[in-house]
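Annotation comment: TrEMBL describes 12-33, 45-63, 84-105, 125-144 as transmembrane segment. According to TrEMBL, the feature domain 'Tripartite ATP-independent periplasmic transporters DctQ component' maps to 22-152.
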Amino acid sequence: MVRKVWNSLEEYILVFSLAFTVFLIFIQIVMRYVFHHSLSWSEELARYVFLWQIWLGASFAVKEHRHLRIEAIKNVLSPKAQKYFELITLVIWFGFSLFLAFKGAELTMILLQRGQVSPAMRLPMAYAYASVPVGCGLMAIRLIEEMFGLFRKGEA
């Protein structure tokens, strides 16, 4: 059960948040063009949900092997060298993800301390910025899974 939830975590959140965003934007359109009154908070909320979709989507893309790859160098290597090249690439990517997660966490903590709030909804801006460390942290975990997958398959 836990494995099923873990394997589908980002997918469930992304599907729900996409449906929520579409509904939110639909309500905003109806309010603006039918009732001639726009909601002050809906566009802001849609923007913040979109931020979370981006960073959780990056983690989901790691799991699904959907990130953009330039394989010109990899394709000229021998099969064994390709596997080591893949491992090196994953390690560098993992390091960058951890860097972004830690720097994003620092920024989120600074925003929490300063008490900065969003203009329309008056929510702490840290909630929006927390998408970076959460998404990059999940991406780092998915990258660790990929690295262990290379060893499990006997590829490295």
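Sequential numbering from 1, following the chain as shown.
Even glycines carry a Cβ here, placed using N, Cα and C.
Mean pLDDT across the domain 'Tripartite ATP-independent periplasmic transporters DctQ component' (22-152) comes to 94 in this model. In this chain, the transmembrane segment (45-63) lies in contact with the transmembrane segment (125-144); the count of Cβ pairs under 8 Å, excluding pairs fewer than 6 apart in sequence, is at least 3.
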